[in-house]
Amino acid sequence: MDVTTDAGAPWLVAGLGNPGPEYASNRHNVGFMVADLLAERIGARFKRHGKAQAQVVEGRIGPPGPANRRVILAKPMSFMNVSGGPVTALRDFYKVPVGNIVAVHDELDIDYGVLRLKLGGGDNGHNGLKSITKSLGADYHRVRFGIGRPPGRMPVADFVLRDFSSTERKELDYFVDRAADAVEALVIEGLERAQSAYNS
């Protein structure tokens, strides 16, 4: 599979999460939060896509000229564990190379608010990534947003489906803003520069 990024092709940025107001503030929905902020920056609202089970925003990011990129922001509406279906449908509809796909997701094995950008690799037990990888292979970009490990013996499923704590919420806007910056840097400047700036 060709994983070379194509500057002339559109980028597909999929913020992962679960649909519905009861999940909106969960740790597992931080990908949706980042996608919402990116849409706000573009100045557009998410709309239901006619051919995929997803909400999308189409726009451009970056300065005028060769660094300006066409971007499709997406929030799969299929629930986290089957994110691969909507992402694949959007990939096919917009003819996006796999190397131009970015999944934004929560990551248990990284401290809260810390970012890690990478291309390819395993799913680390993340069911949203597992679903996408099953459909597309592993060679897409990831922006991993650290949420930390659950306290004590709390089951992982309970932890990720709970809202951020009151202490975490004090910094959440800052961290989501930084993650959106990282996505923009990845799309505009490339992975290595974005990693240098945001892999903390």
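Keep in mind that glycine also has a Cβ here, set from the backbone N, Cα and C atoms.
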Same tRNA site per Swiss-Prot - residue from TYR23, TYR198 joining PHE79, ASN81, ASN127:
TYR23
Nearest of the recorded positions (HIS28, PHE79, ASN81, ASN127) to ASN18 (site 'Discriminates between blocked and unblocked aminoacyl-tRNA') - Cα to Cα:
PHE79
So if I draw a 10 Å sphere around the Cβ of PHE79 (tRNA binding site), how many other Cβ atoms end up inside it?
16
To the nearest whole angstrom, state the Cα distance for the pair ASP106 (site 'Stabilizes the basic form of H active site to accept a proton') and HIS28 (active site, proton acceptor).
6
Recorded positions: ASN18, ASN81, ASN127 - member with fewest neighbouring CB atoms within 10 Å:
ASN81
Ten-angstrom check, please: count other Cβ atoms within 10 Å of the Cβ of ASP106 (site 'Stabilizes the basic form of H active site to accept a proton'), all chains counted.
23
